[in-house]
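Input: a single structure, listed below in structure tokens.
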Amino acid sequence: MDIRAAEISAILKDQIKNFGQEAEVTEVGQVLSVGDGIARVYGLDNVQAGEMVEFENGTRGMALNLETDNVGVVIFGADREIKEGQTVKRTRSIVDTPVGKGLLGRVVDALGNPIDGKGPIQATERKRVDVKAPGIIPRKSVNEPMATGLKAIDALIPVGRGQRELIIGDRQTGKTAIALDTILNQKPLNVEGAPEGQKLYCVYVAVGQKRSTVAQFVKVLEEQGALEYSIVVAATASDPAPMQYIAPFTGCTMGEYFRDNGMHAVIIYDDLSKQAVAYRQMSLLLRRPPGREAYPGDVFYLHSRLLERAAKLNDDHGAGSLTALPVIETQANDVSAYIPTNVISITDGQIFLETDLFFQGIRPAVNVGLSVSRVGSSAQTKAMKKVAGKIKGELAQYREMAAFAQFGSDLDASTQRLLNRGARLTELLKQPQFSPLKMEEQVVVIYAGVNGYLDALPVAKVRAFEDGLLSLLRGKEVGILDAIRTSRDLSDDTAAKLKAVVESYAKTFA
């Protein structure tokens, strides 16, 4: 075989010409020690706080403690495969998550990876999970209602778009039920072809809950047709503490996409006490100094920087909004514990749920006396303002009188009348789960209550009266509901028609 020297030199020259000098430079460290979801890493001198790092087996982590001789890394996953002496790579990116409409209808983990078996996420954009909240200039005061569909809340403790309203109570008092009903109530707003300014997308963040509970929640959303406008972020009880810590920030970033693009979203953190516990665990393992109840000193900042990201933006910034409904679980109704007082002071009001009321059959078990909305009637329609102003005062008087009435048996007629009305209004505010009411339906029901049409009825008949009145108004007298819905007001003309209908119905009902 004849090989010519010229050919060989040509081939060699060709090979040398195509030889690239691009060498990939990555900063690499070594694991000094690992355990309890925390790794101490040596050699990552230029790593940023909050930067994502990658271990040899592909597990991700986040650099939290930057010390002189090592870096404390929290691990987003199992630490079993990570051994002392293994290498750790910098990724040069701060922890981020996919955002956009491609996430709607999906269930993701705390880093935005799908866990529902429906294939990869169709999202083109990624955003950092921990960003600064909007400043003072882009904001606008809350001025439009975020209807929950629950009479007790929409009438007495109204929530507006862009507000932060805390749902607080002991375990098993119906906190998640309120959140679920709120999501289901947005279905009429999110119909196909509705204007973006009307729609309200929902993000539900489950922190430290049982997997079965989250699966049940998702199943209900799917059955009721609410999953298509919702995103579920799940960091369950079996997930490592860093995942439970980061999940609310991930969900918030997904909600912010809608807020910043002139749309509206509501985010439910269920619940933040479990996030605080996860953060306490991480902080203590990172050897940060403990404070009250062994929580780290910056646990207030943890929640305030998260909840400040919920805002109503002004027209120059797209007029979008992000409403936050954080949930806090108390122990034995103790609202004065560390985390509950922190979150109460950060939010714009709280819905306080009580075990005693729950077991008395008053559900939703809202304690109307202790619950407040610091946004108030600016988050209500004119129609609701007209009827709800009375019910607040009457219930306050009723609570005061009921306390005294226990001692005296001979009550004068006016006190007796007040107690009767209060008992019926309390009955009127009860509502079964999965049956949210539209704003105009709530208005007519409360109108009947505050104007004394229930006073002659036995308390047990109040529910039947309400159902009958609503079916009459949805059927023959649908014009009244339409008038209230379109004008968002209870005009004198509509009020007169409504009065006539309620009066004639009350006569036939009795």
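Just so you know, glycine gets a Cβ as well, placed from its N, Cα and C.
Since this is a predicted model, take the numbers as computed values, not measurements.
Feature annotations, reproduced from Swiss-Prot:
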{"type": "BINDING", "residues": "Gly169, Asp170, Arg171, Gln172, Thr173, Gly174, Lys175, Thr176", "note": "ATP binding site"}
{"type": "SITE", "residues": "Ser371", "note": "site 'Required for activity'"}
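Projection of Swiss-Prot feature records onto the structure.
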residue : record                       : Cβ contacts under 8 Å, 6 or more apart
Gly169  : ATP binding site             : Lys175, Glu329, Thr330, Asn333, Phe352, Leu353, Glu354, Thr355, Ala365
Asp170  : ATP binding site             : Glu329, Thr330, Gln331, Ala332, Asn333, Leu353, Glu354, Thr355
Arg171  : ATP binding site             : Glu329
Gln172  : ATP binding site             : Thr355, Phe358
Thr173  : ATP binding site             : Leu353, Glu354, Thr355, Phe358, Ala365
Gly174  : ATP binding site             : Leu353, Phe358, Arg363, Pro364, Ala365
Thr176  : ATP binding site             : Thr213, Phe217, Asp270, Val327
Ser371  : site 'Required for activity' : Leu156, Ile157, Gly349, Gln350, Ile351, Phe352
For Lys175 (ATP binding site), the number of other Cβ atoms found within 10 Å of its own Cβ: 24
Neighbours of Gly169, Asp170, Arg171, Gln172, Thr173, Gly174, Lys175, Thr176 excl. site residues, C-beta within 8 Å of centre, ATP: Glu329, Leu353, Thr355, Phe358, Ala365
